[in-house]
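Everything on this sheet refers to the single structure shown next.
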Amino acid sequence: MEQTEQASTGIGIGAYIAKHIREYGLLFALIAIMLFFQIVTGGVLLRPVNITNLFLQNSYIIIMALGMLMVIVAGHIDLSVGSVMGFVGALAAVMIVRWDLPVFVAMIACLACGAAIGAAQGYFVAYWKIPSFIVTLAGMLVFRGLSLWLLAGQSVGPFPPSFQSLANGFIPDLFGVGKPNVLALAVGVVTVLILLWLGLRTRARNARYGIEDEPFGLFVLRNAIVAAALLFVTWKLAWFRGLPNVMLSMVILTVVYVFITERTTLGRRVYAVGGNAKAAKLSGIRTERLTFLTFVNMGFLAALGGLVYAARLNTATPKAGFAVELDVIAAVFIGGASMAGGSGKIVGAVVGAFIMGVMNNGMSILGIGIDYQQVIKGLVLLAAVFFDVYNKNKEA
Amino acid sequence: MTALLEMRNITKTFPGVKALDNVSLSVREGEIHAICGENGAGKSTLMKVLSGVYPTGSYDGEIHYDGGTAAFRGIRDSEDRGIIIIHQELALVPLLSIAENIFLGNECAKGGVIDWPETFRLTEGLLAKVGLREAPGTKVDSLGVGKQQLVEIAKALSKNVRLLILDEPTAALSESDSQALLELLLELKAQGVTSIIISHKLNEVRRVADSVTVIRDGATISTIDARGGDLTEDRIVRDMVGRDMAHRYPERERRAGETMFELKNWNVWHPEHADRQVIEDLSMNVRAGEVVGIAGLMGSGRTELAMSVFGRSYGRKISGQVLLRGQRADVSTVDRAIGAGLAYVTEDRKTLGLILEETIRRNTVLANLGAVARRGVVDESRETEVAEDYRRTLRIRTPSVFQKVMNLSGGNQQKVVLAKWLFTEPDVLILDEPTRGIDVGAKYEIYSIINELSAAGKAVIMISSEMPELLGMCDRIYVMNEGSFVGELTADEASQEAIMSLIVRE
């Protein structure tokens, strides 16, 4: 017990940051990248309209990164998400535009189709032990081909407004003011308060069990930065058109997946399977079933991503989702997940996706060509993972 | 005889820890020198200093070797001078042949082209020296651990070894393989090879060692010369733990209740070779409060038996019945087996027992996560309380239950595995090599825990390669050979000779 107390009280801010450099590094990297582009774009990056765009442009990547994180934590990979996303977008277009099915019915059918695709791939990975790299590489080719076939090589659109609002809609101001959008401001303030409350509650619990926690000064600083960023973003959004629909669904999904991964037996078991599948199996965990479910989940989220993407472009194109799997996977690894499985966090993956998104957006504003953009994104991915490995080696 | 190696006042510090504090070691030319000490005493660190893993300059003190000072900057330096370490975890490439492994990094080649006939000829010579009758082209993964160990030694011989260091060479070996290995060491000694052997098995140390250095808490405690005649196991144990251990096995009141666990006509076939039967028509029973041992050589099918019972984790075409308290039990999957009241503590805690990257807390509740969750949501306070409970009762030495288990010593890791299974509240515990690779003090604690469990009315099955351990702990011992029981001995009847003669008679 004495040792425990020593550990919890006798650590300085510098030492604590050094120990948790990965988590803080990620946050600082995002801030640094935003500041950098804010300056070099002459303030365009953080204009209300562009902040809104940032969310709209990256929503589907973030949605899929949630599923990809779980797949990677379970020790697998899914290369097919870009193709699946494109295929589901195409399916939605065919159902809604060509067959005139009700939007709601088509959306349910598309999500079910995504889950079924995930189930098919998960079946081979989980129960036949075929490496996920191969199964999903096959899936990537198959669904790329199927979406070409479905669209007969042409773009299909436009969608009815009810479908478009999935991506482009805004939540109306319930308070009726409009400018600024009071709802957006209220949501920002409430979110900050909830985060603070949760943080304090965790601190109290950690103190009760003598768990080493971050020094109070750092806790204040970190929360102040997060709160300032949240309030800033909602303030800006409030002066544009308010909260985008897609932002709301993204936040809800993120919260749900944080909860699933950190608090439920299901989430815990996925980490256990990725950490040591044999040990997990001998502990009575049905490892095959869990692997299967992570792929079903991934398929479902890829479908959702596909719908959002199609709604945003207001058309389904054969090119949709091309190479998107690489952005999604990169986001998860930038967010600190390990290729070997067993570690990684939802929040990390979301921040990783934002880092990719801000870079995409910032470089586009600057008019940097797609060629250089790819080079820079690749180097950032390598740098992030190198930073990880470097820190791990230093520890050992 | 002169000293081949003289390490003087070696001090090695890691951030915050003094791993070695003024350790001295003197090894005479042509002797077998044993180093004993509990896990974490500093034996491996000392050997890493010697072999250059920790390069010169990263420690204080001097090393004199073969008439000069030694300042090794890496393993290559020490190997060039004939110092070869064979680590506990063997460093062979499983899919390469014996010959390829022996000459890996040291190939017989001209201009980068390997001379295979020469390689095979040299390999045959080396294999003859270590007494391994295998073709040089045999893949290493088809060999047992004992034979792999011999390949490692052959590899050392190929490098003109002068000082051979073996870290726990017999830890994973069966009794007969261990004997063969010790014979080989004595033979090499006769040929002039000096060896350092790190071992927990004191009977082996007494058999082969010419002198013993005991290390405790990073300091040299004593160097005992076998020729002086005062090399006894008790003396070594006393120096290792710093106290007298009159009883290596804690006392237990023996009292058996109703029959708890029964196995009837159990048959198991090999998972890959469909025609090979691994377990043949085997039956056994264990009563509540009883500790029953399973003795047998490596490869006799002990682990396969345990794993096939525990949720069919091993084998195919499994037939037979499992009865718990006289009722037929469904143990067809691991979670059903756990539900029925079985627990299996694996022999291989690192790859099959623990998630090394996870905390003690999470490992503790892993097999019974439902018990700390409500409607699928984990109650973290409850989880912490459970882990804390086991930390206290099993005396797991750690600053907190939020430590990753990979930072724990072997003995404490084993306690975490035990905690995990105790939390499933089993009636029948199958312990597979529960004290492998852990030190004397921790072994005693594990034995005490086993006794407490049996006193609480659990049925305990203990599989072990260390016969003294079975003799010291068990009420009854089944002797296993080639997939079936060849005998059953009560505690009174059992002795090492009785067990061996049952195995050999087959």
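Glycine is treated like the rest: Cβ placed from N, Cα and C.
Unlike curated records, TrEMBL annotations are generated automatically.
Since we're looking at a predicted model, the values are computed, not measured.
These come from TrEMBL:
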TRANSMEM  A:24-45  transmembrane segment
TRANSMEM  A:51-72  transmembrane segment
TRANSMEM  A:79-97  transmembrane segment
TRANSMEM  A:103-126  transmembrane segment
TRANSMEM  A:133-152  transmembrane segment
TRANSMEM  A:182-200  transmembrane segment
TRANSMEM  A:220-237  transmembrane segment
TRANSMEM  A:243-260  transmembrane segment
TRANSMEM  A:290-310  transmembrane segment
TRANSMEM  A:347-368  transmembrane segment
TRANSMEM  A:374-390  transmembrane segment
Contact between the transmembrane segment (A:220-237) and the transmembrane segment (A:24-45) (3 or more Cβ pairs under 8 Å, separation 6+): yes
Cβ contacts under 8 Å made by the transmembrane segment (A:51-72) with residues that lie 6+ beyond its boundaries: 78, 81, 85, 132, 167-168, 233, 236-237, 240-241, 244, 246-247, 249-250, 253-254, 257, 261, 270, 274, 294-295, 297-298, 300-302, 304-306, 308-309, 312, 324, 327-329, 331-333, 335, 337-339, 341, 344-346, 348-350, 352-354, 356-358, 360-361
Paired segments the transmembrane segment (A:347-368) and the transmembrane segment (A:182-200) in contact, 3+ CB pairs under 8 A: no
For the transmembrane segment (A:182-200), sequence-distant contacts whose Cβ falls under 8 Å of one of its Cβ atoms, 6 or more beyond its ends: 171-176, 219, 223, 226-227, 230-231, 233-235, 237-238, 242-243
Maximum Cβ pairs under 8 Å to the transmembrane segment (A:103-126) - stretch from the list A:79-97, A:290-310, A:374-390: A:290-310
